[in-house]
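Feature list (source: TrEMBL):
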- 546-698: domain 'STAS' (DOMAIN)
- 79-101: transmembrane segment (TRANSMEM)
- 121-144: transmembrane segment (TRANSMEM)
- 194-217: transmembrane segment (TRANSMEM)
- 229-251: transmembrane segment (TRANSMEM)
- 356-376: transmembrane segment (TRANSMEM)
- 397-419: transmembrane segment (TRANSMEM)
- 439-469: transmembrane segment (TRANSMEM)
- 490-518: transmembrane segment (TRANSMEM)
Amino acid sequence: MAEFNNVHSVAEMPEGDDAKRSFHHRMFLEPQEKKRSMKALVVKQAKKTCSCTPAKVKDYVFSFFPVLQWLPKYKLREYLLGDIMSGVIVGVLLVPQSIAYSLLAGQEPIYGLYTSFFASIIYFIFGTSRHISVGIFGVICLMVGQVVDREIQRAGYDLGPAALNVLTDTAAYVNTTISPVNQTSQKLLCDKSCYAITVGATMTFIAGVYQVAMGFFQVGFVSVYLSDSLLSGFVTGASFTIVTSQAKYLLGLDIPRSSGIGSLIATWINIFTNIHKTNICDLITSFLCFLVLIPTKELNEHFKSRLKAPIPVELVVIVAATLASHFGKLKETYGSSVAGHIPTGFLPPRPPDWNLIPNVALDAIPIAIIGFAITVSLSEMFAKKHGYSVKANQEMYAIGFCNIIPSFFHCFITSAALAKTLVKESTGCRTQMSGMVTSLVILLVLLVIAPLFYSLQKCVLAVITIVNLRGALRKFKDLPKMWHLSRVDTVIWLVTMAASALISTEIGLLVGVCFSMLCVIFRTQRPEAPLLGWVAESETYESLSAYKNLQTKPGIVVFRFEAPLYYINKECFKSTLYKQTGVNPVWMKAAKKKAAKRMLREKEVDSGGNQTSISMDFVSEPLGFHTIVIDCCAVQFLDTAGIRTLKEVCKDYREIDVQVLLAQCNPSVRSSLIRGEFFKEGEDHLLFHSVHQAVDFALGAQGHSGTNAAK
């Protein structure tokens with residue numbers, strides 16, 4: 001039988017009847033010429049970037065400020081009513097949520113209102129999505145609150161259980177940027193509330209810078225590592241932490257907020273240790289709020305197709321609870337914790353505390369990534385649903401500026417929020433003009449209504465926060481369906497959820513990313529590698545283990561490796577190939593050598609011919625096949641270890657008179673093989689464009705070889 005390097009195409013065969021039976025038609029594909037001149041590419045890109053024409057400047061300005069594109073085309077009669085209605089409804093819902101989530105972020109209620117106000121205006125200018133609602137997001141507020149608590153402890157402020165003191169003299173803000181070196185003077189210049197928003201604003205500035213930088217350098221690919229199952233598990237795990245952090249307000253307990261690794265368990269231990277100190281008034285209020293909010297929210301969802309607008313039950317509860325607390329004197333009589341004084345108007349703008357940047361720069365990285373990942377994914381989801389396009393890079397700029405600019409106005413980090421976006425879409429939103437209407441609603445609260453919430457109990461805000469987590473906690477109901485669709489995604493969800501809840505939110509996100517990447521690596525490390533059979537009356541080959549009634553060609557084994565071939569799985573490739581073919585060429589060569597040595601010894605001793613004949617039979621024992629065709633359609637790439645492995649496999653099988661042919665290699669793999677000198681001179685025609693072509697070639701070569709042997 002001819003060896004691999006001696007097999008030739010039909011064009012090189014002797015003339016005759018056998019040669020007329022063409023078994024392999026060479027396919028000539030002329031490769032595209034690739035200009036690899038780095039200098040030319042750099043010069044071309046520099047000319048494109050540095051050229052400045054009026055048309056290019058106009059395009060750049062319009063792309064950077066999308067509002068200039070769509071606002072002149074705004075259709076008043078068609079869009080205005082829907083935008084006003086959705087803007088008012090979202091604003092009404094956003095007011096109580098802004099106040100409640102401020103508590104979660106360790107801030108005073110006024111700062112949540114500031115954040116929602118500025119975020120809506122800035123996204124109106126820079127955003128490309130028509131539907132998403134940008135504002136406060138519970139998980140991000142939780143992460144901000146954890147950093148704020150840590151920095152307050154470092155600064156030496158007393159972390160008592162009472163609420164943060166409300167700053168009544170705005171002049172104290174003038175000194176918030178003083179580094180907390182002298183703790184005594186620092187406390188005199190800036191109280192705990194003042195320092196908390198300083199930390200939050202500094203984090204917001206750094207996170208915004210990260211997001212704008214990611215947009216500028218076009219590194220949005222980072223978000224691809226945050227799969228849907230990972231993000232869902234992270235949000236659910238963080239929801240448990242949020243519920244835990246709000247539980248003390250439900251019970252009216254005065255306990256410090258736990259932070260760091262294992263804060264969830266530590267908080268619950270602390271709660272049960274102090275359960276005898278429960279404020280009965282707060283507990284009853286919480287129970288009544290749950291009784292009103294949960295059924296009404298469920299009705300809103302159940303009848304959302306019939307309701308023109310959702311019932312603003314949160315606002316109703318806040319108004320009712322505030323009136324009950326004020327006229328019932330719940331703070332004075334029962335010691336209930338209340339929101340306290342909420343000032344009207346705006347505080348003077350202030351730059352972030354540059355001295356705090358080294359302390360919070362690392363914490364801002366996961367917050368920035370989560371913020372832009374959620375914003376971009378929601379933007380693309382609603383754009384696809386409504387038939388328009390968004391620019392992912394511009395979305396990163398938009399959310400970045402929604403953090404950078406408000407950080408000078410005593411705000412904390414924002415992102416898109418799914419619940420409010422769904423409300424916005426379902427109530428008739430057509431453009432981001434609805435965001436401006438939402439800002440006007442919040443402005444009305446800031447200028448007039450805010451002080452009226454003085455007597456609002458904090459337990460009511462905690463109930464609002466927890467009720468809004470129902471969507472994330474309901475993900476447990478989807479686990480059976482998720483398990484049926486993909487067990488790997490379900491395991492990723494469970495690991496990320498457990499790590500985010502039991503360890504910490506930041507570490508949980510990191511654990512989820514690392515675990516999901518390990519799952520991908522494990523999938524390529526132990527991939528499927530079936531033998532293939534021929535589908536009768538076609539040129540198709542499919543897995544023998546997956547389908548019945550497939551045929552095999554005599555003397556030919558077709559093997560498919562369903563993963564890239566690289567250093568991680570090269571040994572798996574070899575072992576699976578040897579197992580599937582039933583022949584390990586290395587062992588067979590060793591057995592032949594051992595048998596040959598035994599024969600020589602027997603001849604020298606001259607001990608008879610019986611054992612010698614057995615050894616000769618062993619050496620010449622025929623294999624069940626003469627050709628292995630490797631289907632490379634699922635091999636996306638090869639590295640140097642992969643090329644070396646293919647060389648070794650071909651060489652080992654060639655030495656036991658088995659040829660190895662490669663079929664369906666993509667251009668990248670072909671290029672890697674040629675650069676890696678996989679073929680000897682003149683052998684590159686042995687790369688086949690289909691498995692059927694390779695099998696026909698092997699059958700023809702074997703037939704031609706048998707005819708020559710007969711002659």
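Each Cβ is built from the backbone N, Cα and C atoms, and glycine gets one as well.
All annotation found in TrEMBL is predicted automatically rather than curated by experts.
Bear in mind that the values here come from a model prediction, so they are computed numbers and not experimental data.
Annotation: stretch 397-419 has the most Cβ pairs under 8 Å to the transmembrane segment (194-217), among 79-101, 229-251, 356-376, 397-419, 490-518.
The transmembrane segment (229-251) shares more Cβ pairs under 8 Å with 490-518 than with any other stretch in the list 79-101, 121-144, 356-376, 397-419, 490-518.
Relative to the transmembrane segment (121-144), the listed stretch 397-419 leads the set 79-101, 356-376, 397-419, 439-469, 490-518 in CB pairs under 8 A. Against the transmembrane segment (490-518), stretch 356-376 has more CB pairs under 8 A than any other of 79-101, 356-376, 397-419.
Restricting the average to the domain 'STAS' (546-698) gives a pLDDT of 81. Just going by CB pairs under 8 A, the stretch in 79-101, 356-376, 439-469 that sits most against the transmembrane segment (397-419) is 356-376.
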